[in-house]
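Below: the structure, in structure tokens.
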């Protein structure tokens, strides 16, 4: 292998460039890495071996690179080529959705922009890479960003033959982009999704609305915006598959501000399918301040028992 590397170098090919030449198992890559090739080394166009592998959709190769050189991973995820593209841009434009999701999980910035002010979402939309558009929306990509021509993601979806309604659909877990925006606290994305016509009372496979997600993760401003929407009064007291309302969940997690908001908006003190009220759930979690808040509003809760007595 060393002979092969020296032969390549004698002909002007660096070890880093040779990382991009591999068989199905990535054997050549592993040998190059063991021989000292750095995955963060930039070529003449400023791209790295990670850029090349992401553009090819070579997920196992990228996994191997990050496994063998973990200290280089963070730098590689944010490195830009001559077009100011990061590796996630390269994966997104070719609709390598598995690669995109892996890069996000490893810490890639989904909202980084290139030389033309395109995020990975804008680039995917401009190339008709609809699977990747879905994945990026579900991972908190900002739909408000605009490229140098002032096109946002919605413009590009329409210009490239996409249907807006397709991007409000539910995934295999029954979650819509609205659920994920609420989970992760993307309030601007939430506002735009609602403006697009996203249904705030849509339920996932566990019969949870976006408000259940906001309650679970303590998203006060998100919860306020959902409750202030046209359908807010319809979702405030809806139970999930276990009969738990957003108030149950916020109390269970000790999110006192969200509990106060729900109470102010008229949340009812219901029992779940196990006979538990919000005060019981706050007590189980040891959230004394939440307990005091609930007790100050509804002192009768103290005398209630669940189905186990």
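Glycine is treated like the rest: Cβ placed from N, Cα and C.
Copied over from TrEMBL, here are the features:
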type	residues	note
REPEAT	83-115	repeat 'ANK'
REPEAT	116-148	repeat 'ANK'
REPEAT	173-205	repeat 'ANK'
REPEAT	242-274	repeat 'ANK'
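Listed by sequence, the residues of this chain that lie at least six past the ends of the repeat 'ANK' (173-205) yet keep a Cβ under 8 A from its Cβ atoms are 137-144, 154, 164-165, 167, 211, 213-214, 216-217, 219, 221-222, 225-226, 229-232, 234-235, 238, 240. Note on the repeat 'ANK' (83-115): its mean pLDDT in the predicted model is 96. According to DSSP, the secondary structure content of the repeat 'ANK' (173-205) in residues is 18 helix, 0 strand, 15 coil.
The DSSP breakdown of the repeat 'ANK' (83-115), given as helix, strand and coil counts, is 16 helix, 0 strand, 17 coil. Helix, strand and coil residue tallies for the repeat 'ANK' (242-274), in that order: 17 helix, 0 strand, 16 coil [DSSP].
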